[in-house]
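Taken straight from TrEMBL:
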| type | residues | note |
| --- | --- | --- |
| COMPBIAS | 193-208 | compositional bias 'Basic and acidic residues' |
| COMPBIAS | 217-230 | compositional bias 'Low complexity' |
| COMPBIAS | 231-252 | compositional bias 'Basic and acidic residues' |
| DOMAIN | 1-112 | domain 'Josephin' |
| REGION | 184-252 | region 'Disordered' |
Amino acid sequence: MNDSGFFSIQVIEKALDAFSLKLTNIENPVMADYKMNPLTARAYVCNLREHWFVLRKFGSQWFELNSINNGPRLLSDTFVTEFLHQLSAEGYTIFVVQGILPSSYADELISLCPVVPPPKKEQKEPNMVQKFFNSVGRRLGGSAENSDNREERDLAIAMAMSMEPNREQSEEEEQLKRAIAMSLGNSTSSETEPLKSSKASEDGKPELIETPILGNTKTPETGSTTPSPEQQRRDREKFLARLEQKKNEERK
């Protein structure tokens with residue numbers, strides 16, 4: 001090896017020669033069968049610059065033996081073929097290990113008890129609310145993603161605030177509903193003319209009784225107080241004034 005600890009291909013070939021194994025580049029014409037059907041081999045040695053790793057078959061299963069991983073990685077047969085094509089496209093040099101590999105404990109164990117791949121964790125798709133709050137949290141958390149402009153950030157904040165209960169807004173909406181209901185329940189003529197109701201007098205003739213409009217009146221059945229049209233008009237004016245003030249504040 002050199003000063004950095006890197007083993008050259010000549011050193012690896014010399015080490016494998018002790019087990020009667022040899023390496024042949026898969027691009028060599030004599031390796032055409034292995035290139036067409038990679039699963040017919042038992043092992044591959046892969047190299048890119050100063051990094052080596054191995055694809056090795058134990059029993060009937062393939063594994064990636066790579067120092068950058070936490071341990072052996074189980075590979076499906078389909079993935080082995082695709083992985084080798086990918087490595088070749090990335091510039092790796094791939095060597096086919098030829099010869100009879102010495103028996104090992106891993107071969108015996110996996111032949112008897114094949115490795116069962118861990119079940120894939122089912123990740124539930126987050127609903128729209130979760131996606132939104134995750135987005136808001138990412139944008140407001142001061143992460144490295146600072147590409148969001150100020151307008152998007154302000155929009156996220158506004159949407160988050162709009163999803164929270166707003167007591168003042170609820171009260172204003174309630175007042176608006178009440179004002180609309182009142183305006184629909186009172187005709188124009190009722191604001192200018194007194195209402196008259198008839199009542200039988202003692203001599204049998206109907207008697208006209210004036211019902212006051214200005215001021216609050218009480219309903220005989222319930223005793224509840226109904227705002228006068230003048231009071232209703234004032235309430236509407238106050239509400240519209242507050243609504244206009246709020247719009248002006250939002251524009252600022």
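Every residue gets a Cβ built from N, Cα and C, even glycine.
Across the domain 'Josephin' (1-112), DSSP assigns 41 helix, 32 strand, 39 coil. In terms of DSSP helix, strand and coil, the compositional bias 'Basic and acidic residues' (231-252) has 21 helix, 0 strand, 1 coil.
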